[in-house]
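Structure first, commentary second.
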Amino acid sequence: RTGYPLVDAGMRELWATGWLHDRIRVVVSSFFVKVLQLPWRWGMKYFWDTLLDADLESDALGWQYITGTLPDSREFDRIDNPQFEGYKFDPNGEYVRRWLPELS
C-alpha cells in the first residue's frame, strides 16, 4: 500500500503469481531503493523468496544496476516515476485494474 497504483499492482501480482514483467520489476525495484530508501539486498531477498524465476546472479546484477552500484549502471538519482511509468505502459489502466480492482 504505497499509494502508487502501479507499484501496488506489481506487488500484488508478484504475491499472487510469483512473476512480474521486467518493466514492472524495474519500477518496483527503483521505488524500493530510491523512494523508500531501503537497502537493495532487502528487496532482492523478497524477490528471491517470491519470484518463481528467481536467479541469484541475474537478480543481484539487476538490483545493483537499479541502485547505480555497477560501473555501467544508471545514475542513482534517476528515479523511475511510478506515475509516469503507469501512463506510459498502462495508459488505459488495464494492468492496475486487474490487480487492484478496488480502484476501478
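Every residue, even glycine, has its Cβ placed from backbone N, Cα and C.
Per TrEMBL, FAD binding site is recorded for ASP53, ALA54, ASP55. Residues or ranges marked as domain 'Cryptochrome/DNA photolyase FAD-binding' in TrEMBL: 1-104.
Within 8 A of the CB centroid of the FAD site residues ASP53, ALA54, ASP55, the other residues of that chain are TRP48, LEU51, LEU52, LEU56, SER58, ASP59.
The Cβ of ASP55 (FAD binding site) has 11 neighbouring Cβ atoms from other residues within 10 Å, across all protein chains displayed.
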